[in-house]
Amino acid sequence: MHLLQCLLSTISLASTVTAFVPYSFNLEVSTEGPPSNDVARRFVPWKLLLDDSYNNHGSSSNGVSLTLDLKKFPVRRDNKYKVVLADEPTTPNTAALNQEGLDYSYFATVRVGSQGQQMWLVLDTGGPNTWVFGSDCTTVACQRHETFGEAASKSLKLLPLNWAVGYGTGLVSGVLGTDSLSLAGLDVNMTFGLAKNASTDFESYPVDGILGLGRSANSNFNTPSFMETVATQRLLKSNIIGFSFSRNSDGARDGAANFGDLDTTRFTGDIVYTNTTGDSNNWRIPLDDASVNGTPCRFVNKTAVIDTGTSYAMLPPKDATVLHNLIPGAVTTSHGQNFTLPCNSTAVVQVSFSGLSYNISPKDYVGPAYGSACLSTIVGQALYGDDVWLLGDVFLKNVYSVFDYDNHRIGFANRSVPIASPTTTVAAAANPSATDGAGSTLTGSMAVHTGSASIVSRFVHWPFIFALLCMVLV
């Protein structure tokens, strides 16, 4: 975004594609659009298009609702969310990566402001911008989350600038402010957004905001990003982040993000790096190829955006079709947009970078049951054009990934085999103390995040797909 636009009354939060929405909507999304360098961050939820029998009103010709009952999860009751808390790490500068129990989203506890208010933020390499729900927000989505404002921090300085982020059915918008953020032993003073309005997209989702860890040094506020501030203050010996994502079915609560150094206990073999390519907005690297059961797909001139804020893998429809054609029993629906496959698939799916291949486990690419088959979590969506993939947590759960800000590269190694942790159901106290960490007060695998409002319990349909970005800059 140009400097002049940053001085306008509304600032768009992000400029890279990412995916992150708890609901699915009946939206028309183009899968064949050309790539654009001038897009603002937008989370666009969409519905699965299973076959041509579905009409534009969200139902089939037989009157069956398009909304898929993939899995019902009681995410909120009396302003509480059930989540799986990761074990508190013992290594320095490391944050526990919690999740909601479906491998759908991962988030860390960040302390905000002079009183160190605990908030759950997605650590998102898809963009450099950071925002939290503000205390001035009165929408239901905000009331169901922890909020932050002047009453919670004597050091908060509000700025006369606004921002807005577009969603499929609404907006999240607010003001900018400057205050301290503390994560993994790193204390950073920076500018971030405080949401004053939020659409229904976040009503049933656990997170209180997003911490942008994109490759760009500056956010779209034209202010330094979190990692740029860390680098300027020389808080780490190396400006790198290593991610290890938990898989809930493994029974281990070992998700973590470590800053400044490699955690050699979390991977086997060597880290092999690939230099980034393209503009500085994305963590994008050249993709060698993909294969199924050893048969190469023979993709050429492809690149992949590696995004911790995206749940699934999104490939251009033609590429997704080629890959699924090699999986025994896979069936293409929706013109290469969505796929079904055998629920007991054992096909070995691999992607290759810098001459090495990495598995995507059937535990990750086989999604929820649909009829006699299961849905594939590898989706046909051309978010950046016909030659760019978006690889999210479906892939990242299989590797230890390193984002190297100093040398502009991404490294992978195979994850260590996780060891299952004992599980205990516990509840978090309302308004958790600023002096008690999540690991010290919430020691079990199931915990409850508590806010200030009382909301009636309800079940929600969790979506099958994370979402995308498409709002064009004015």
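In case you wondered, yes, glycine gets a Cβ from its N, Cα and C as well.
Its own atom aside, the Cβ of D124 (active site) has 27 Cβ atoms within 10 angstroms in the protein chains shown. As annotated by Swiss-Prot, active site applies to D124 (among others), with the evidence given as similarity to another entry.
The local packing around D307 (active site), expressed as other Cβ atoms within 10 Å of its Cβ over all shown chains, amounts to 29. The active site feature in Swiss-Prot is assigned to D307 (among others); the stated evidence is similarity to another entry.
Residues or ranges marked as domain 'Peptidase A1' by Swiss-Prot: 106-413.
Counting only same-chain residues six or more apart in sequence, the Cβ atoms lying under 8 angstroms from the Cβ of N189 (N-linked glycosylation site) belong to T178, D179, S180, L181, T229. In the three-state DSSP reading, N189 (N-linked glycosylation site) counts as strand. The N-linked glycosylation site annotation in Swiss-Prot covers N189 (among others).
Sequence-distant contacts of N197 (N-linked glycosylation site), defined by Cβ-Cβ distance under 8 angstroms and a gap of at least six in the same chain, are C137, T139, L171, V172, S173, G174. Marked as N-linked glycosylation site by Swiss-Prot: N197 (among others).
When secondary structure is read from DSSP and collapsed to three states, N275 (N-linked glycosylation site) falls in the strand class. For N275 (N-linked glycosylation site), applying a Cβ distance below 8 Å and a minimum sequence separation of six or more within one chain yields I285, N407, H408, R409. Taken from Swiss-Prot, the feature N-linked glycosylation site covers N275 (among others), and the record attributes it to sequence analysis.
Among the features that Swiss-Prot reports, N-linked glycosylation site is placed at N301 (among others), with the record citing sequence analysis. DSSP classifies N301 (N-linked glycosylation site) as coil under the three-state reduction.
Here Swiss-Prot flags N338 (among others) as N-linked glycosylation site, drawing on sequence analysis. Around N338 (N-linked glycosylation site), a 10 Å sphere centred on its CB holds 27 further CB atoms from the protein chains shown.
Sequence-distant contacts of N344 (N-linked glycosylation site), defined as residues of its own chain at least six apart whose C-beta falls under 8 angstroms from its C-beta, are absent. The annotation N-linked glycosylation site is assigned in Swiss-Prot to N344 (among others).
Around the Cβ of N414 (N-linked glycosylation site), a 10 Å sphere holds 15 further Cβ atoms from the protein chains shown. Per Swiss-Prot, N-linked glycosylation site is recorded for N414 (among others).
Look at Swiss-Prot and you will find S452 tagged as GPI-anchor amidated serine.
If you look up Swiss-Prot, you'll see 1-19 marked as signal peptide, on the strength of sequence analysis.
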Field: From recorded positions N301, D307, N414, the one whose Cα lies nearest D124 (active site)
entry: D307
Message: Need one number: mean pLDDT over the domain 'Peptidase A1' (106-413).
response: 93
Message: Return the residues near N301 (N-linked glycosylation site) by Cβ distance under 8 Å, restricted to its own chain and a separation of at least 6 in sequence.
response: D387
Query: To the nearest whole angstrom, what is the C-alpha distance linking N338 (N-linked glycosylation site) and N414 (N-linked glycosylation site)?
result: 28
Message: Roughly how many Å lie between the Cα atoms of N414 (N-linked glycosylation site) and D307 (active site), rounded to a whole value?
response: 18
